[in-house]
């Protein structure tokens, strides 16, 4: 297998909520078209870190970062970077499914519509493609104009994935995407992640160690705002270098 | 009688007193409505609704008054709705927390407690005199708009606050700007509740009398207004005028006009309650 | 795109700032016109003179009769609304079934939606004639009927705000009282009302502020005769009624008579402003205590 390019990088990244030092000097390199899992106990900073890649933390009062986040070698916290452009490149799926209170179709094409794309044929094609990609097309193709809130939780989450795919990002951030779902829906989402990795760079935050083991190529373990260990998932789960990592994955805390 | 028996007796007595108090207000309300209907219904007919005012009680009608009330209703909506919703949006979505936001909040709470007649004095000086609008519909609508602005702002804020954070996050994550998120997600999701609040505020405006008297709205206007710059009267002012006359025939007119005013007020409130109930039955996030 | 975002934000900001301009406008209008008034009438006369006759040949400018009229009608209104409103709040909270509450509360709210001019009509044509049968010699215009009807109008204000205050008292307190064998009455007055006292006080202060600023009921039913009295059976005049009275006539702009309504207005504004801020202050203190 050929060596893949570096897609995302963090260099000496520190983040603060007011006085609270949430991320402490993080350095990490993630390669493209691979799945990287962030694990660690609650409050360890893994979600905060995930949200720095599409700058979702910008809206939180008192939040600031120093250091660099590189996407394809370009620092996304530079002044001339437009957040809306960045988020077309870096899509995000949230912990709880959050479909808009609109129709299924409107949900999928929302990102395109706000870019000013109005042509119906373009939107319809994009909707079908994204829904197929998210393995939801067969289930919803006859009720695209029905409210998205009428779907089941697992379907809603796949709709949110389709919605993110519709604007053709190259990176997909997933913040515990299956934590609010039942086991069957979780399995579907995991399968989906496995398929999507052929086309997208995926970063997933998860609470569930088995899930990290099943879906990811690399795993990063965070503890108290620090990146403790980062390695190939297999290596990490079989022979962790750090004692804290070992304690965590053997279930001694967290 | 033992102590505990006495206590239980007192408890029962208070229960009876409580029922009495609760119903006395409702009974008074009932007596009052019946009295108005009996007195007013003799006078309330098509002629009464379509006649111009007159010095003779039996010929006088409320055409100019209810047309004026409708004009005021429409103009006030056009002014107060965009202003109030915009201010509510700013305070809830844009304004940073801090001293300035605190100050705005206290200021709005204070405005909500200013007596309506003071708004009349403000309107008289600013709209009628400084802006030279005269005692026109526009001056009246502007005055009432300022009066109900605090109510609209407060209800808008509450409605917006009820829209879950996750909806906003979802929109931002797809590259939407702040305004795109507000316009496409936040406003549509909160529109029902905002509308309910606005209708309630308007029902308040429809019944207002004092501020319009102060800005110089007249009881006797011999024509129906045809532009926002015309002089006008409204139902409450017509009612006040007739009530102040000693002749019983005018009191009858007043009662009939009150029926018309109450129909408008209750209709607005009914719509608001209906919207609120429908809103509550919708799927919750 | 960025520019339009900024423009929109600017417009929204402007709308919010208008609320500040309204406050500034009110204070400026009241001050500028009443400064003109106080150039011609000394503030000592305004506060100590016992007569208010700006519209007569022999002009006297003592605000006290108008203040007395305002306080008298307010006092009567609160005397009606406080016991009734508070009893209703306690009854609905501790005694009534949920179903009854659901029906009664919206009906009571109807009382608050009726326009005040309609209440004025009611006071003049129903309550006064009724009271005259009981109290012979009562004048056709008087503070009593106006005050009573105003009290009925503000019942829902006191009852719903007090009920909110009582129902936000922690469950554990109420259960403790019942656990020791208290009756509902003892629980209400011994535990719930004291615990909710600041919320109840806030509701009463807001009701007072409302009554002080109320115009149409008193303008219709209480008369237009400024009189320094606490007798509820004779015609009086409130601050608000005086403003209406002058507005109805043709007083030339810029005259001393014209300025009197702003002097009266600023007096009214100071009263309600003080009451409202007192209520905010109590509310804030109370919230800090429970949070």
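Cβ coordinates are placed from backbone N, Cα and C, and glycine is handled just like the others.
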Correct range for transmembrane segment (source TrEMBL, candidates C:107-131, C:232-256): C:107-131
Of the residue ranges C:41-62, C:261-282, the one that TrEMBL records as transmembrane segment: C:261-282
Stated TrEMBL location of transmembrane segment, expressed as one of C:12-31, C:212-231: C:12-31
Same-chain residues at least 6 beyond the ends of the transmembrane segment (C:143-166) whose Cβ lies under 8 Å from its Cβ atoms: 69, 72-82, 84-86, 88-90, 92-93, 105, 108-109, 111-112, 114, 116, 119-120, 122-124, 127-128, 131, 192-193, 196, 198-200, 202-204, 206-207, 210-211, 214, 217-218, 220-222, 231-234, 236
Distal contacts, the transmembrane segment (C:12-31) - CB-CB under 8 A, six or more residues away: 262, 265-266, 269
